[in-house]
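**Student:** Following this message is one structure expressed as structure tokens.
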């Protein structure tokens, strides 16, 4: 973790074994909490109603065989051996795959992309050639780039996976906590425990969500020990049950028992696959949380501990049930019944703690993926609180947290049983996996440049397995599976409406931008009085002058002596290195004191506070002036040419040998001494009666020499910085233009406008000081 930048440095190579094993241990609490608690409810959901436990044990052995091969083929073969390799500069998840595809084929949904973005260090992974080497790959790439409908389909596919992850964030805490609490049923009468389970589960869930704003860094060190204790506990109990009840249960691992199971149960066996599916819930977390660990550490944790512990746990349950056929009571098919009676209370406590840890991981993951969606313009603006200044990725989103809590309580109280909660959770899990399989097939061809036969084989093999489970889950639509579909549909509509409105708003800005020739025709003073200070004009445009600036010029009597058109944008990489953060350049001749600054963030980066950002911004402009990057001497409207005239400048902490800025409260007789290597440039002294004022100085290296014009420009910049910075934003009201169709009017005038009114204002998401912000309203007819 780099504390200066807040970017998690993922050391894929040159890791010591001590580091790898430490990361593997830590991954238990973050990655495997959900997957590890699945034995609590798999057998119970599978035998809910579709199949019965008979004296022949064919059902138990068949279910165990399905569980074993599902755990082996999906988490182990698919994710550990294949999908984990498709990281996006160390990051994983649905958006990581989509980001990879966006960079290898021009299918990016972000409107304000530039050629300069492709020069970022992390844009081209390992400096590989983006052009596919095989003929099919080239044809696929050109087809995706040619047809806009395919690009939109790819985006919608990624958003569907994202929406199902959000749905999983609702369902996983509910089923994990409820299943853990269900151990109380063995300690009290059947007619009583149903009145205890739901209230206790709800209290635990409310406490879980209520503590989210504190973050996990204070108690995070407990997560790995809890999951480790749980895994050792279930594996020990499983081994005991195998040796005590049925040492020959290992024979059920043969695929032959799957055939016998389906032959005997037929349609009921196929429908019961929706319960078996739950054994791999949480597998996607291995890929989604890759950015916090390394591939090797996640592989070691799964193959050496998690996988064998789960297999022993399921074999132990099957061994116990193979010798107990009393199914008069529903709860006799479950996890706790196979736990020795003396250990049930300690195991119950450990199970509840493990369920809370697993729920915490999926909640944090939901926050993270919504933040990524918001960064890429696919989700309304929300308040993002960073709960730790040291650990990257630990964020809290208040609005989403309380929505998740209400939905989680609603499904817990509404369903009140593991069967329907399992049906709902299973569909969400398998849909995300299907989306990953589809995107991975494209990554194999376009990014890895492998044979199309390898990609087809991947889709056919894993897609067939997942489609089988998907069909078994979908058939339970009326029995709980409608919940993730309904949640995903609502969130998908929100994302699509917001993305469409944002895209149309940007297109309006591009079509109505003001010509730079018009601006330069006004002269250096722009036809108005220029007063001391820096004006930051926020815009989504990366070239040209926003139309709203003409309203400022024609309606305001004065403007700042230094004007900066600033665009804060996201690029399709997880992190932008601090030394490549700013893209700065002049607009027009130097004497106009007009600058353009493009601030680039990755979809997993977080924005700095306003004071640090202001200093970095001013330093980047000063570095542009010092470095001798001559501004545009002619009016240019071509964005490509304008890109060529812009300079990449890092944050102030990354160019230690360059220009530095010093701020202090001093009187006017400040000591301006300099060394042989450095000299100071400061504003002319201004007398302020009986009041100290903030003095800004630029400390400039003596070499290379800067000319008098640059010195004068830097002096004026220091004077403007001392006077303060004002933020100017356009407050837009988007309306569908006359003649638009009914659907467009509905989406823009009602859908997008509703979301805009009920989302955070740009001033809040950009962390702008309200006292220094000026907003000017403007109606956009799109």
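Each Cβ is built from the backbone N, Cα and C atoms, and glycine gets one as well.
Pulled these from TrEMBL:
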- 23-520: domain 'K+ potassium transporter integral membrane' (DOMAIN)
- 60-81: transmembrane segment (TRANSMEM)
- 153-175: transmembrane segment (TRANSMEM)
- 195-214: transmembrane segment (TRANSMEM)
- 221-243: transmembrane segment (TRANSMEM)
- 268-288: transmembrane segment (TRANSMEM)
- 300-323: transmembrane segment (TRANSMEM)
- 343-370: transmembrane segment (TRANSMEM)
- 391-415: transmembrane segment (TRANSMEM)
- 427-446: transmembrane segment (TRANSMEM)
- 453-475: transmembrane segment (TRANSMEM)
- 481-501: transmembrane segment (TRANSMEM)
- 533-781: domain 'K+ potassium transporter C-terminal' (DOMAIN)
**Student:** Would the transmembrane segment (153-175) count as touching the transmembrane segment (268-288), if touching means at least three Cβ pairs under 8 Å and pairs must be 6 or more apart in sequence?
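**Tutor:** Yes, the stretches contact each other.
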**Student:** Any residues 6+ beyond the ends of the transmembrane segment (427-446) with a Cβ under 8 Å from its own?
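**Tutor:** Sequence-remote neighbours of the transmembrane segment (427-446) are 74, 78, 82-83, 86, 94, 97-98, 100-101, 104-105, 132, 134, 136-137, 140-141, 154, 157-158, 160-161, 164-165, 167-168, 171, 274, 277-278, 280-284, 287, 452, 454-456, 458-459, 462-463, 466-467, 469-470, 473-474, 476, 481, 484-485, 488.
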**Student:** Grab the same-chain neighbours of the transmembrane segment (300-323) for me: Cβ-Cβ under 8 Å, and only residues 6 or more beyond its ends, written as numbers and ranges.
**Tutor:** 20-21, 24-25, 27-28, 31-32, 35-36, 38-39, 42-43, 53, 57, 60-61, 63-64, 67-68, 71, 75-76, 80, 228, 231-232, 234-235, 237-242, 244-247, 249-250, 252, 279, 286, 333, 335, 337-338
**Student:** So what's the average pLDDT for the domain 'K+ potassium transporter C-terminal' (533-781)?
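**Tutor:** Taking every residue in the domain 'K+ potassium transporter C-terminal' (533-781) and averaging pLDDT yields 73.
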**Student:** Short question: which residues 6 or more past the ends of the transmembrane segment (268-288) have a Cβ under 8 Å from it?
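**Tutor:** Answer is 30-36, 38-39, 41-48, 50-51, 59, 62-63, 66-67, 70-71, 74-75, 79-80, 83-84, 92-94, 96, 165, 168, 172, 261-262, 298, 302, 310, 314, 358, 361-362, 365, 369, 422-423, 425-427, 429-430, 432-433, 436, 468-469, 471-473, 475-476, 481.
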**Student:** Do the transmembrane segment (221-243) and the transmembrane segment (343-370) share at least 3 Cβ pairs under 8 Å, sequence separation 6 or more?
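**Tutor:** Touching, yes - the transmembrane segment (221-243) and the transmembrane segment (343-370) meet the threshold of 3 or more Cβ pairs under 8 Å.
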**Student:** Thinking of Cβ pairs under 8 Å, which stretch from 60-81, 343-370, 391-415, 453-475 has the most of them with the transmembrane segment (195-214)?
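**Tutor:** Counting Cβ pairs under 8 Å, the winner is 391-415.
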**Student:** Please identify the stretch among 60-81, 343-370, 453-475 with the greatest number of Cβ pairs below 8 Å relative to the transmembrane segment (391-415).
**Tutor:** 343-370
**Student:** Same chain only, please: residues at least 6 beyond the ends of the transmembrane segment (453-475) with a C-beta under 8 Å from a C-beta of the stretch. Say none if there are none.
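**Tutor:** Contacts with the transmembrane segment (453-475): 70, 73-74, 78, 82, 270-274, 276-277, 423, 426-427, 430-431, 433-434, 437-438, 440-442, 444-445, 481.
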